[in-house]
Amino acid sequence: MDEPVLEVTDLTVSFGDVRAVRGVSYAVRPGEVLGIVGESGSGKSVTSAAVMGLLPPGARVTGSVRLRGKELIGAPERALNSFRGKSLSMVFQDPLSALTPVYRVGDQIAEAVRVHQRVGKETALVKAIELLELVGIPRPAERALAFPHEFSGGMRQRVVIAMAIANDPDVIICDEPTTALDVTIQAQILEVLKRAQAKTGAAIIMITHDLGVVAGFADRVLVMYAGRPVEVGGVDDIYYRSRMPYTAGLLGSVPRVDRRGRQPLTPIEGNPPSPAALPPGCPFAPRCPMHVSACDEEEPPLFEVGPEHRAACIRWQEVHPRGPGRHAAPSDGPRLRARGERSVLEVHQLVKDYPLLKGAVFKRRIGTVHAVARVSFDLRQGETLGLVGESGSGKTTALTQILELAAPQEGRIVVLGHDTARLSRAERTEIRRDMQVVFQDPLASLDPRMTVHDILAEPLRTHGRPDSGRRVRELLALVGLDPAHAARYPQDFSGGQRQRIAIARALALEPRLLVLDEPVSALDVSIQAGVINLLDSLKARLGLSYLFVAHDLAVVRYIADRVAVMYLGRIAEIGHVDAVYDHPAHPYTQALLSAIPLPDPERERSRERILLEGDLPSPANPPTGCRFRTRCPKFRTELTGEERELCVGVEPEVRPVGEDQGAACHYADRRGVG
Amino acid sequence: MTLSEEELAEELADGTLTRPPSRARMVAGRFFRSTQGLIGFAVLALMFLLAFVGPLFSPWTYTDKDFTAFMQPPSARHWFGTLQTGSDVFAVTLRGMQKSLVVGLLAALVSTALAAVVGAFAGYFLGWTDRVLSWVTDLLLVLPAFLILAILSPLFGSGQWPLFVVMLALFLWMVTSKIVRGMAISVKEREFVQAARYMGVPPVRIIFRHVIPNLSSLLIVDATLNVSSAILTETSLSYFGFGIQPPDVSFGTLIADGSLTAVYAPWTFWFVAGLLVVTVLAVNLVGDALRDAFDPSSGKA
């Protein structure tokens, strides 16, 4: 076995009195991928910043970081600079801020080369173009002359990776490299990272909160909680034989895209502790389902629980995770229930264009963004329709059109039996009472200057319901919050609690239709599960209908009855969730589903991905005919020239392909995706 | 996670029936719990008390003249001394304070309220509302305020001070209103305003409930500054003989007169100046405390 290339021993970082990282140790060998997983505030990013020596001056770092045997902690800045970018490089989360906007990307990569290698400008530029080709940027020589803003998010992240591997580093630290990207782009970037690793033989430290990404990518995993590693081991050990209740809880709280059935997720109760006020003993004890009094006595060390597998729990022998294999059991055929009779929302051939304007004083119309192009769907009483798509697919525009309750540009929207084009004032007020909305970011959607009581009382007052004090307490209890907290401001709550407040506000008037715009995507996994469970149980108890907009397909599979997949302003596929997820008929749905990383290492290794090439085309200038044809794997590989003509010339409409499933593809055929 | 109905009912039954913690009550509570706010409020209350109750204890009124004492330093007979004309400084100072406190505070409040309403409406509705309101704002901005006040000053005879307050306020609000308009445009885009709209809250109520409270830091600072500038504008107007007309007095006329004799008869100047400084300080303290009370992210509730 090789010598470790990077060895971190007992690393601690403190900011003033707050200890953000408390004793992290790990080692990576060349060619190995170490995944560091943790929720926000677990200290995973601070750890990597400490390794790079990139912490602000106020931070105190102790312990040891050895890169090929050389100590980095306390090394002079000049010595560090000779390592950074050469033997130790980093890929950041936000590729836009990681690139300088005023330089051409080719020059930026060439600069990265020239800082550490004595080569001429031309040689460096040639090397830069080679690197761009390696990370899969088409026409690299041409694109090297472009500026960062001319690239899409995925392409920018490729450029950042090209810079990171420019000097054949020994270790690449990736800090949430795909979090800001759409799932099909994420799959591309992970592929590029694998290729980059194969080329350079570097070790990769992959920091992420996404358990799926780690499962398919990492060899070993380090789980962090409250600034400490709580479990370290091989990827299979962590996923199938975890010995720490936190890891088991984290895995149990992830909704799975490959599972049908509605067992409630098991959320982890409570919130992560603040690093300034850690509980005595095990930091996870207050949230732990296996908590005994001995847990509060002292913080458990990492016990050796198996070969190369350590966990920080005094009861590790008793932790038996319900393995991912077990709850796949109830697959009782597609549950195609009869759909409800009454429809609460009908959208028919909806169109929304935005003009593209140019000029400051005299605005000229230079084009049109076709944000939503003839979209139709309907939602019945008691049903949940998931609207999924990547950014730019038009799902938010469609949602806003519905919420505005104004006459659409073209098409028809019927909300609760009323056509929005012919609404009287009184009818509009009535619909506003029966249709409520929950936004993505609870902090932005709750007025920071209002107490929780005022926030919850606002809909009641607006629609003239008296006795708000009692109702507010009822609502808080309904969403699982303490009614005594009504006097607090939204800032005093954690993210998950804030989202519960937003849900309580939406429920205040006992609506019939709830529009949920990415309600859980801003939350940590363990918190997210609690909110999903809440939404699910509320729906059953209050007889609600949900229009659930999300980009996370796993969450949608978990909560929705039917799903509509959008691509570039059109519906690509619509139907019952089990039908669409198990046997997608549209090539885009197939690619989307296969791009989602599963928190299941064995399946990740065996599955075959359908990788989409390139980016979403601009909605201002969509391709003729089928909008997906430019990226369609079927169009490119399976169809004959004659068949392709239909794709280029005629835009496909949604056609039924199964009992409750329709796809907008001329050559749709249902197939399972691994 | 899910409470059954019985549990729910039980929980609500034991819950003490306190009054709902609305924003107004929270802000008042936070304001009076801060020492700063309490001190400022107490000082301001004392000033009002002094201005309106004080004259009852003085043997002299502001129109009386003691022909046996011209320019006398403070004594048992004349607590703050006398002026050149034989007027009792204590009596005229309190009379001036009555006028200045009322005019200053009211003018500041009116101008800030005007700025908030005009700015928020223009910023929230945009379009024609914005164009008309901005046009009015710009018009008032380019009119020479001092000249108009001076021309209209004959109207502010005795008993006409409310008109004077309105005129003062009318020339103080424009700049703030422009700032408020800009901020209202950005607040309008925030999700909680969208949430209120989709809930069916009428636009005017959204402005008063969401937009203006979220600009309260700016508005309170502005109102605090306006108190001093209103008193000073009034002072300078009176200094030129336009504002408060004799025999009535204000801080302005008193300071104008006193500054001439301040060097050799300091009591004619320093008492007035001192009270002005204390008033403005107290207003600033109240303003700071109010701003903190409105802003939930400052300190701890």
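If you go along the chain as it appears here, the first residue is 1 and each next one adds 1.
Using the three backbone atoms N, Cα and C, a Cβ is placed for every residue, glycine included.
According to TrEMBL, the feature domain 'ABC transmembrane type-1' maps to B:101-287.
Annotation comment: TrEMBL describes B:38-57 (among others) as transmembrane segment. Tertiary neighbourhood of the transmembrane segment (B:38-57): same-chain residues 31-32, 90-91, 94-95, 97-98, 101, 275, 278-279, 281-289, selected by CB-CB distance under 8 Å and a gap of 6+ residues from either end.
Tertiary neighbourhood of the transmembrane segment (B:101-125): same-chain residues 47-48, 51, 133-134, 136-137, 161, 164-166, 168-170, 172-174, 176-185, 187-188, 203, 206-207, 211-212, 215, 219, 222-224, 226-231, 234, 250, 279, 283, selected by CB-CB distance under 8 Å and a gap of 6+ residues from either end. What TrEMBL lists as transmembrane segment is B:101-125 (among others).
Remote same-chain residues near the transmembrane segment (B:132-155) are listed as 118, 121-122, 163, 167-168, 170-171, 174-175, 177-178, 181, 237, 240, 242-243, 245 (criterion: CB distance under 8 Å, separation of at least six residues from the stretch ends). Look at TrEMBL and you will find B:132-155 (among others) tagged as transmembrane segment.
Per TrEMBL, the feature transmembrane segment maps to B:161-180 (among others).
As annotated by TrEMBL, transmembrane segment applies to B:267-287 (among others). Long-range contacts of the transmembrane segment (B:267-287) within the same chain: residues 36-37, 39-41, 43-44, 47, 71, 73-74, 80-81, 83-84, 89-90, 93, 96-97, 100-101, 104-105, 220-221, 223-224, 227-228, 231, 251, 254-255, 257-259, 261, each at least 6 residues beyond the stretch ends and with a Cβ under 8 Å from a Cβ of the stretch.
With a cut-off of 8 Å between Cβ atoms, the residues of this chain six or more beyond the transmembrane segment (B:161-180) that come close are 99, 102-103, 106-108, 110-112, 114-116, 118-120, 122-123, 137-138, 140-141, 143, 145, 148-149, 152, 155, 215, 218-219, 222, 226, 229-230, 233-234, 243-244.
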